[in-house]
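Engineer: I am attaching a structure below and will ask some questions about it afterwards.
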Amino acid sequence: MSPYLAAEDLSMFGTDPWWLVVIKAVFCFAFLMVTVLFSIVWERKVVAWMQLRIGPNRHGPWGMLQSLADGIKLMLKEDVIVKRADKAVYVLAPIVAAIPAFMAIAVIPFGPAGNEVSIFGHRTAMQLTDLPIAMLFILAVASVGIYGIVLAGWSSGSTYPLLGGLRSCAQMISYEIAMGAAFASVFLYSGSMSTSEIVAQQDDRWYIVLLPVSFILYIVTMVGETNRAPFDMPESEGDLVGGFNTEYSSIKFAMFMLAEYVNMVTVSAVATTLFLGGWRAPWPISTFWEGANHGWWPLLWFVVKVQLLLFFFIWLRGTLPRVRYDQLMKLGWKVLIPVSLVWLMLVATVRALRNENYGFSDIALYIGGGVLVLLLLSFLVDMYRDKGGKAADQPAETGTGTGTGTETAFDPMAGGFPVPPMPGQQVPPVPRRRPRRERELIVSGGPDTHSDGPAGGPTDGKEASDG
């Protein structure tokens, strides 16, 4: 071993023997895979019930092995590589998308930080490793997964995957800003970026009660990060066929699907850790039963909370329609990011006042006064904005200034593209190719040009059939 490496303090990575670390790593991988297999079947069952269907019921008891059968089927299919694809990047893209999805689970605690469980005679914590900057690690590996999606769209050599990859990149980058602000508010309030320490700080009250705005922000951003309905614009079948993975098949397509569902499990585990008390038992159980947070019981509470959040994903898919791309970007940049920044400043102010030993009543008074001032300023800005808008719209209502009193014609392209049809709007029809007899000929050359044709009538078969 290098003397420089031996001199470093590696205790933050744990003191478990290497074989125990391997066992815990295999457990984390198996936990993700089993949860994904169950979540796929559960999603198909729940959506089928919501749509008054039966759902999968052929493979295994109650169709529980359907996702396993689908995975085997995909692996046995022909692996087609597009002729115009950049083969090296085309093959690496699913791997780049799948590997970061598994990495974040390494710092998620499944149980108390103390040595609570025994594995082959060794006392160990139910966590693979913990880092002083665990939250930054989660945010970093979530960002790396974007590269796999973008490279998949770019290397496919097709227009639709490229558009899907660009959409996904813009969407995930936009929503990661608000997600990072939600993370920052949590470790500002708790005073630590360690996941196990954040769970320990929720001994009295969960952060869903103390930081409700951060929880709502994270719930919205985690749906956008995973490209799930109603934010599944990168996979929009109506305009992108299948999205960034249109040209993929066999095991490569399965890896993209695996990465999507593993990301769902990972973000649900992160939400459980940050806002729902992590491995802690719910309030009534932990109050009347002290042993609920010891032994292997914390693993049960953690899994139940993760499954509830996965059901939230499924419920969104079966309930809400897909939003437009401009609405998606507007929500991210004009709503989530400003709200997250304002909320982050409020949380930082509360933290500073707590460090100065201010009481709860003083903090509530200062924060309440600041919120009232912000609301008053926003009201004044909206009021002056409405006045300016009415003054600008008045000439359009009275006419063009010529005294005729006619209304200005509505330009459907005035606000940019796309512009949805407004109530009462009359959009001019798309020009079509009309028969020669109904067209007005415009002489732009000699009489014997190909567009004019002979005087006797049309020359091409299409125009003859139109006539």
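Cβ atoms are placed via backbone N, Cα and C, with glycine included.
Residues or ranges marked as transmembrane segment by Swiss-Prot on the basis of sequence analysis: 18-38, 88-108, 131-151, 172-192, 206-226, 256-276, 296-316, 328-348, 363-383. Annotated region 'Disordered' per Swiss-Prot: 389-467, in sequence order. The compositional bias 'Pro residues' feature in Swiss-Prot is assigned to 418-430.
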Engineer: For the transmembrane segment (88-108) against the transmembrane segment (328-348), do we get 3 or more Cβ-Cβ pairs below 8 Å once near-sequence pairs (under 6 apart) are dropped?
Structural biologist: no
Engineer: Counting Cβ pairs closer than 8 Å, which of 206-226, 256-276, 296-316 has the most of them with the transmembrane segment (172-192)?
Structural biologist: 206-226
Engineer: Flag the pair the transmembrane segment (328-348) / the transmembrane segment (256-276) as in contact if three or more Cβ pairs fall under 8 Å (sequence separation 6 or more).
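Structural biologist: Contact between the transmembrane segment (328-348) and the transmembrane segment (256-276): absent.
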